C-alpha cells in the first residue's frame, strides 16, 4: 500500500514494491484500475481507497505563508466507519475480498501506538499531480508498473527521493474486527425499501412471464361467413325454390279442380262424333228415308188458343206468389214471452271485455257485384249541384214618372228667332218642348239620395259588422259587470267583517295585551313568593331536625325500652292488649 505517492521515478516505485508486495491471489479476481483526472489511479475492486485517502488540498493560492510542506491528516473515526459501512454495503456477498481486507487492515494498523511525525510536503506535489491512496493488494500482478505508476517529467528527482524518505513513517489506524462485523451485519439488516420493491417487481414480472409461457394458444374458429355461398348461388337457389313452389301449387290446384258438366258433355260428344258419323254414312248407304212433314202447332193456327195459354201461365205465376206469401206468413217465429229482456251482467261484461275474440259477427257485409258508373254519377251530381246553387238576383229597373212636363218654360231669343222664321217658311210650327231639369236636380243632391241597389254581399257584410259590434258591446258589458260585482263583493266583505267584530265578544290582541301582561307579571310574582316561602320552610325543617346519628340513637333507645317493657310484662304474666284496654278505661274514667 502506498500513501502520498506521486508519479515519480523508479526509486520510489522499487521502495513501495519492497514494502507492500502485491498478492497474486487477488490479482486474478480484481478488475483493472480506473484512472481519473491527471494521473490519479484508483483501484475499482479495492474497498479501502476512500478510507486511506487523506483530504486533498487544491487551493494553492490561499496559502499566504508560501510553505511547501504540510502534515498528513488522519481521517476521523466517524468518517472511517461510514466509509467502511458503504464499502460493505456495496458488495456484501464477496467473502474472499472481506477476508483479504481484514488482513490488509490488520497488517496496516499494527503500528497504531506510534506517533505521527510532521513531514513536510514539497510544493511540487501540490502543483504537479494530485495525491493518491491505493492498495497494492488490489492491483493485479500482470499489469505493468508503468501503467499503474505513470511517470511525470515535470517533477525533479529530488522530490521523489523526499517522498520515499517520509512515506515509511506514516501511521494509519486500523478498525477492530468487532466493528467490521457489526458494520457487515448492519449492512445486511438495513436493506433499503427500494431493494425490496425491486425484488417484488422482479418476482411479479417473472411470474407473469411464466404464466405467459404456460398459456396455451389455440387457433380461432373459422368465421361463419366463409361457409356462406356466393350471392349468385343464393339467388339461383331462391329462384329454383320459387319455381318448385309454383309447380307444386299448380299441381295441387289441378288435383282439387272439379270439371263442369258441359265439359264432360263436350268430351263425350267428341268421343261419340266418329261413331255418329259412321252411323250416318251407313244409313245413307242403306236406304234414304222419306221426308216427313212436321205438324203445325195449334197455337199458331188458332190465335185464341195462344191467349188461353198466356192466361194460364199468368195464373200459375200468381198462384206461386200467393203460395210463397202464405208459407212466409206461416213460417214466422212465435212471439217471445219476455221481450227486450236485458242480458245478464256476466254476459254484458263478457261482451264488453272479450269482444275482440268474437268470431261470429252480426254484421255481414254484402258485396255489390255491379260496378257503378262513376262518370254518369259525377255528371248527375254536377247537375244537381248546379240546380241547388243560389243564383244572384239581377238588378231590375223600375219605371218612374218625370214631372218635368208640368214645369213652366220661358221662351228664349233663339226660340223666338226660330218662331219668326217659321212664319215665313211653309213648314208647320212645332210645339215647344220644355227642358228637363231632372238630371241637374239629381246631380245637385248628395250621394246618399241616389237610388242604390243593395246586393247580398253588402247585406251579409253589414250583418257581420253588426254582429261583431254586438259581440264587442257584450264583452264590454261583461267586463263592466265584473268590475261592479267585484266592488260590491269588497264592500260586502268589509261590512261583514265590521259586523262580525261588533258581534264578537272576544277582544283583539292589542286591546288585551296590556291586561294579559299585568296578569302574567302578577302571577310570576306570586309564584316567586310561594317558592321563597317553601324554601324557608324547608330550611327551618332542616335546621330543627336532629342529626342522623341522633335519630339512630333515639330509635335504638326506643326499641330497647319497648323490649324491656315487653320483658317486664312477660315476667309479670300480662299481655299488651290487656294493659292497653285497662289504660284506656282509666283514661275514660
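Even glycines carry a Cβ here, placed using N, Cα and C.
Source: prediction; values computed, not measured.
Feature annotation (Swiss-Prot): of 232-264, 265-297, 298-330, the stretch labelled region 'Disordered' is 265-297.
If you average pLDDT over the coiled coil (510-577) in this model, you get 91. Applying DSSP to the compositional bias 'Basic and acidic residues' (265-275) sorts its residues as follows: 11 helix, 0 strand, 0 coil.
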